[in-house]
Amino acid sequence: PRVCVVGSGPAGFYTAQHILKHHGGAQVDIYEKLPVPFGLVRFGVAPDHPEVKNVINTFTQTARSERCAYYGNVTVGRDVTVPELRQAYHAVVLCYGAEDNRVLGIPGENLSGVYSARAFVGWYNGLPENRDLKPDLSCETALILGHGNVALDIARILLSPLQLLRKTDITDSSLAALACSKVKRVWLVGRRGPLQVAFTIKELREMINLPGARAVLNPADFTGLENAVKDAPRPRKRLTELMIKTALEKPGEKPVEVQATAGEAAAPREWRLKFQRSPQEVLPTPDGRRARSVRMAVTRLEGSGDSARAIPTGDVEELECGLVLSSIGYRSLPLDPAVPFDTQRGIIPNSSGRVEGVPGLYCSGWVKRGPTGVIITTMNDSFDTAQSVLEDLQGGVLDMSPSREGFGAVESILRSRGVHPVSFSDWEKIDAAEVARGKAAGKPREKIVDPAEMLRLIGH
């Protein structure tokens, strides 16, 4: 059987790995719109979390299997359509993730100084489409809307001492911008309360222990929570207890390990968590061009636990800030008119990864279940989809006619459209060049951020 996987992030690679492992004859082709593989492992994981990127070694093993092929620089839906892929393969699995962000939907969202977390993360991680972002870091206060791990990642990058970032694979241009940054206060604002935050204890602990930055949590926000959290699941309980402990610590109890200059000792960098605030409007500077502050509705919670809803009380509050980052979630987009898509939920309607009403078409990862969870969640989810594919291959559900030639058929389509795929060994040349450039600068790699330069490097 010939199986096609669209997208080379964790969902794509784990799906391919499972099919290759459990079907001795399957041939899996992975298509990726960028020349370079690995999706959010490369472009989402924070530069100072190198250990999370170790899964790349497993993915590389999979790509080097003689029954697996990688075709980068191919945009499915444009260079080749899903119906064309379905003609060429026995099964097609869509694993293209969430390539957009949710919008706040409030006035002033498009002012200069307001960015989506997705674009900001893409900028410091070298995602080609965000390489020219040039965020304005000339203000002292940044406001991040959202209480997830991505929000904490951004706060950590904004407040980290440069000597920590210099040893990572953060892009050269974003490191230069951060070196000139004036940001020293970061507010992390959420619509709900401390019991509803979506970040995890590892990320919170990392923020609390960040050298040269202090956590300022308001003890009043945590009154009575010890009791409320008594019967909560263990992760939620430990997370809340850590916030309470941090809120009650007296300033100065935590040593400030790193002080860049003597002058900074008086005003160290700091970050704060702010709860029960829902953004209403980003207010402009007098010239009407840039963000100056955010007006927020004070909310109260209805219900409890994860299902609690934030209801505006009628009170409002304004927070001054020159940088606003909206970290309220990623969003999947429809890929091809031939594929059903639920715009409300932002997913492809499916059952165990089988796309509803389209036999032989499958989906996995964020486009299957929504943009939540970490790499291990996506791994299990992809094994589940791969299992559905294997069952259908073995159960005679799919048309197994030998006339489906896989890449052979796609190659002529791509050639006729002037599209030149990038192979995995091409990627390994790009990889080697990045690692060599990084070595010269004392970092694990220096990412190439311009696709044209990647293609020149491999003689495309």
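Placed from the backbone N, Cα and C atoms, the Cβ positions cover glycine too.
Predicted automatically and left uncurated, TrEMBL annotations should be read as such.
According to TrEMBL, the protein carries these features:
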DOMAIN    2-158  domain 'FAD/NAD(P)-binding'
BINDING   A11, E32, L40, V76, W366, G373, V374, I375  FAD binding site
BINDING   H147, G148, N149, V150, R191, R192, E203, G373  NADP(+) binding site
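TrEMBL feature annotations superimposed on the structure.
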| residue | record | Cβ neighbours (10 Å) |
| --- | --- | --- |
| E32 | FAD binding site | 27 |
| L40 | FAD binding site | 22 |
| V76 | FAD binding site | 24 |
| H147 | NADP(+) binding site | 23 |
| N149 | NADP(+) binding site | 18 |
| V150 | NADP(+) binding site | 23 |
| E203 | NADP(+) binding site | 20 |
| W366 | FAD binding site | 29 |
| G373 | FAD binding site | 14 |
| V374 | FAD binding site | 12 |
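Of all the binding-site residues given, namely R191, R192, the one with the smallest number of surrounding CB atoms inside 10 A is R192. Taking A11, E32, L40, I375 as the binding-site residues under consideration, the smallest Cα distance to E203 (NADP(+) binding site) is found for I375.
If you take the Cα of V150 (NADP(+) binding site) and the Cα of E32 (FAD binding site), they are about 24 angstrom apart, rounded to a whole number.
By the criterion of other Cβ atoms within 10 Å of the residue's own Cβ, the least surrounded of the binding-site residues A11, I375 is I375. Neighbour list (G148 (NADP(+) binding site), Cβ cut-off 8 Å, at least 6 residues apart, same chain): V197, A198, F199, S327, G329. N149 (NADP(+) binding site) sits 30 Å from V76 (FAD binding site), taking the CA atoms of both as reference points. Residue pairs drawn from A11, E32, L40, V76, W366, G373, V374, I375, the listed FAD binders, are separated by up to 25 Å at the Cα level. Summarised as a single figure, the pLDDT of the domain 'FAD/NAD(P)-binding' (2-158) averages 97.
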